[in-house]
Amino acid sequence: MKTPRPYLEHILQECEFLIERVKGISFEDFVKDPVLTRAFVRSLEIIGEAVKNLPKEFREKHSKVPWKEIAGMRDKLIHEYFGVNYRIIWETILKEIPELEKQVKEILQKEK
(Lines of atoms letter the chains of each structure in order from A and count residues from 1; the text may use other names and numbers.)
(Lines give C-alpha, C1' and ligand atoms only; values in the text may rest on other atoms or scores of the structure.)
Protein backbone atom coordinates (compact mmCIF):
# COMPACT_ATOMS: atom_id res chain seq x y z
CA MET A 1 0.00 0.00 0.00
CA LYS A 2 1.23 3.51 -0.82
CA THR A 3 2.18 5.57 2.18
CA PRO A 4 -0.12 8.61 2.41
CA ARG A 5 2.34 10.98 4.12
CA PRO A 6 4.04 12.38 0.97
CA TYR A 7 0.66 13.08 -0.62
CA LEU A 8 -0.62 14.75 2.54
CA GLU A 9 2.51 16.88 2.67
CA HIS A 10 1.92 18.00 -0.93
CA ILE A 11 -1.67 18.89 -0.06
CA LEU A 12 -0.52 20.85 2.97
CA GLN A 13 2.16 22.72 1.00
CA GLU A 14 -0.36 23.79 -1.63
CA CYS A 15 -2.91 24.82 1.00
CA GLU A 16 -0.28 26.94 2.73
CA PHE A 17 0.72 28.52 -0.59
CA LEU A 18 -2.89 29.38 -1.46
CA ILE A 19 -3.70 30.77 1.98
CA GLU A 20 -0.59 32.93 2.00
CA ARG A 21 -0.98 34.22 -1.59
CA VAL A 22 -4.66 35.13 -1.26
CA LYS A 23 -3.99 37.50 1.65
CA GLY A 24 -4.47 41.15 0.81
CA ILE A 25 -5.82 40.71 -2.71
CA SER A 26 -9.33 41.12 -4.03
CA PHE A 27 -11.17 38.88 -6.44
CA GLU A 28 -10.72 41.57 -9.08
CA ASP A 29 -6.95 41.59 -8.54
CA PHE A 30 -6.94 37.81 -8.76
CA VAL A 31 -8.78 37.57 -12.09
CA LYS A 32 -6.67 40.33 -13.65
CA ASP A 33 -3.42 38.50 -12.87
CA PRO A 34 -2.83 35.59 -15.28
CA VAL A 35 0.16 34.33 -13.29
CA LEU A 36 -1.91 34.17 -10.12
CA THR A 37 -4.93 32.56 -11.77
CA ARG A 38 -2.72 29.89 -13.32
CA ALA A 39 -0.84 29.33 -10.06
CA PHE A 40 -4.04 28.97 -8.04
CA VAL A 41 -5.59 26.58 -10.54
CA ARG A 42 -2.38 24.56 -10.63
CA SER A 43 -2.28 24.34 -6.83
CA LEU A 44 -5.84 23.01 -6.78
CA GLU A 45 -4.91 20.49 -9.48
CA ILE A 46 -1.95 19.30 -7.38
CA ILE A 47 -4.16 18.97 -4.32
CA GLY A 48 -6.66 16.92 -6.33
CA GLU A 49 -3.97 14.71 -7.83
CA ALA A 50 -2.48 14.06 -4.39
CA VAL A 51 -5.93 13.13 -3.09
CA LYS A 52 -6.40 10.67 -5.95
CA ASN A 53 -3.13 8.99 -4.93
CA LEU A 54 -4.21 8.44 -1.32
CA PRO A 55 -5.14 4.80 -0.70
CA LYS A 56 -8.89 4.15 -0.64
CA GLU A 57 -8.65 2.67 2.85
CA PHE A 58 -6.95 5.81 4.09
CA ARG A 59 -9.63 8.06 2.59
CA GLU A 60 -12.31 5.89 4.16
CA LYS A 61 -10.57 6.07 7.54
CA HIS A 62 -10.58 9.88 7.32
CA SER A 63 -14.01 10.26 5.77
CA LYS A 64 -14.69 13.71 7.26
CA VAL A 65 -12.43 15.19 4.60
CA PRO A 66 -14.36 15.67 1.32
CA TRP A 67 -11.85 13.63 -0.73
CA LYS A 68 -14.31 12.83 -3.53
CA GLU A 69 -15.25 16.48 -4.04
CA ILE A 70 -11.60 17.53 -4.06
CA ALA A 71 -10.74 14.91 -6.68
CA GLY A 72 -13.81 15.96 -8.67
CA MET A 73 -12.66 19.58 -8.74
CA ARG A 74 -9.26 18.44 -10.01
CA ASP A 75 -10.91 16.50 -12.83
CA LYS A 76 -13.02 19.49 -13.77
CA LEU A 77 -9.97 21.78 -13.82
CA ILE A 78 -7.90 19.37 -15.90
CA HIS A 79 -10.57 18.45 -18.43
CA GLU A 80 -12.51 21.70 -18.74
CA TYR A 81 -9.71 24.23 -18.49
CA PHE A 82 -11.32 26.76 -20.82
CA GLY A 83 -14.49 26.67 -18.77
CA VAL A 84 -12.85 27.42 -15.41
CA ASN A 85 -15.04 29.59 -13.22
CA TYR A 86 -12.63 31.81 -11.31
CA ARG A 87 -15.30 32.82 -8.82
CA ILE A 88 -15.56 29.16 -7.75
CA ILE A 89 -11.75 28.92 -7.54
CA TRP A 90 -11.67 32.06 -5.40
CA GLU A 91 -14.46 30.92 -3.07
CA THR A 92 -12.87 27.49 -2.71
CA ILE A 93 -9.57 29.04 -1.69
CA LEU A 94 -11.20 31.39 0.81
CA LYS A 95 -13.70 28.96 2.34
CA GLU A 96 -12.54 25.38 1.79
CA ILE A 97 -8.74 25.47 1.72
CA PRO A 98 -8.26 26.72 5.32
CA GLU A 99 -10.44 23.85 6.58
CA LEU A 100 -8.58 21.33 4.42
CA GLU A 101 -5.28 22.66 5.76
CA LYS A 102 -6.52 22.16 9.33
CA GLN A 103 -7.78 18.63 8.61
CA VAL A 104 -4.54 17.57 6.91
CA LYS A 105 -2.43 18.95 9.77
CA GLU A 106 -4.53 16.96 12.24
CA ILE A 107 -4.18 13.79 10.18
CA LEU A 108 -0.41 14.24 9.88
CA GLN A 109 -0.18 14.63 13.67
CA LYS A 110 -2.22 11.46 14.26
CA GLU A 111 -0.42 9.42 11.61
CA LYS A 112 3.15 10.04 12.86
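Using the three backbone atoms N, Cα and C, a Cβ is placed for every residue, glycine included.
Under 8 Å, Cβ to Cβ, and six or more positions away along its own chain, Arg74 (active site) finds Leu44, Glu45, Ile47, Gly48, Glu49, Val51, Lys52. DSSP assigns Arg74 (active site) to a helix. The active site feature in Swiss-Prot is assigned to Arg74 (among others); the stated evidence is similarity to another entry.
Around the Cβ of His79 (active site), 8 further Cβ atoms fall within 10 Å across all displayed protein chains. Annotation comment: Swiss-Prot describes His79 (among others) as active site, evidence class similarity to another entry.
Annotation source Swiss-Prot lists O-di-AMP-tyrosine at Tyr81.
Feature annotation from Swiss-Prot assigns motif 'RX(4)HXY motif' to 74-81; the stated evidence is similarity to another entry.
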Using a Cβ cut-off under 8 Å, which residues of the same chain at least 6 positions beyond either end of the motif 'RX(4)HXY motif' (74-81) come close to it? 41, 44-45, 47-49, 51-52
